[in-house]
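Trainee: Questions regarding the structure given below will be posed in turn.
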Amino acid sequence: MHFLHKTIAIMVGSFLLGVGVNIFLVPYKLLDGGTIGIGLILHYLTGIKVGFVVIIISIPIFMLSWVYKRSYLYNSLHGMLFSSLMIDMLYPLHSVGTNLYLAPLTNAVIGGIFVGSGLGLMLRFDTSIGGTDLLGQMFARYINLNPGIVIFLIDFFIVFTGSIFFLNTSPFLSCLTVFCVGIMSSLFSIKNK
């Protein structure tokens, strides 16, 4: 039964993630942290699909996780593959987001809510999309910092770097997106004891 719940969580979480990225972030060139943020940056620069970039970036990270913590690899591989596929399959929805005519601030918040809800749902069932979270855990182990702080710093660095490339991208709005993702993923990942 746990396998069924986990599979449904991956499917629904990936759908929410794909909707958040394509309807609310892409139309206004907003950024997120992690591998999705890197995928968005490369998408905005080259047009390459976000999900494809997430897979390519995740390969060396998953290779490290094989050495560092194999359970992380096992629990994240399906989530990463399915969410990347869903992000790319739902890309045509970016035209829906363009036609919504919402304020960029609204898109940043709603996009963060969708992405964070999707990620949090997967985390609740012990899966994720992998990526920079593992890097944050590894760095935290070696520099003796809280993993959450290290992951936040990595996300901030990705948003800051992306904002340099895109002058019309507001670093404030992208940081707001990252904040909303963090809040929603925390709320959704709470488990009943």
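Using N, Cα and C of the backbone, Cβ positions are placed for all residues, glycine too.
This is the feature table in TrEMBL:
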TRANSMEM  7-28  transmembrane segment
TRANSMEM  40-65  transmembrane segment
TRANSMEM  72-94  transmembrane segment
TRANSMEM  100-123  transmembrane segment
TRANSMEM  143-165  transmembrane segment
TRANSMEM  171-190  transmembrane segment
Trainee: Of the stretches 7-28, 40-65, 72-94, 143-165, which racks up the most C-beta pairs under 8 Å with the transmembrane segment (171-190)?
Mentor: 143-165
Trainee: Take the C-beta pairs under 8 A between the transmembrane segment (100-123) and each of 7-28, 40-65, 72-94, 143-165. Which stretch has the highest count?
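Mentor: Answer is 7-28, with the largest number of Cβ pairs below 8 Å.
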Trainee: Restricting to CB pairs under 8 Å, which listed stretch, 40-65, 72-94, 143-165, is in contact most with the transmembrane segment (7-28)?
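Mentor: Per the Cβ count, the answer is 72-94.
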Trainee: Please report, as numbers and ranges, the same-chain residues at least 6 past the borders of the transmembrane segment (72-94) whose CB is under 8 Å from any CB of it.
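Mentor: Cβ under 8 Å, 6 or more out: 10-11, 13-15, 17-19, 21-23, 26-27, 36, 39, 49-52, 54-55, 58, 62, 65-66, 118, 122, 126-131, 134, 137.
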Trainee: State the residues, same chain only, that lie 6 or more residues beyond the ends of the transmembrane segment (40-65) and have a CB under 8 A from a CB inside it; answer 'none' if no residue qualifies.
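Mentor: Residues packing against the transmembrane segment (40-65) from afar: 21, 25-26, 29-32, 72-73, 76-77, 80-81, 83-88, 91, 129-132, 134-135, 138, 158, 161-162, 165-166, 169.
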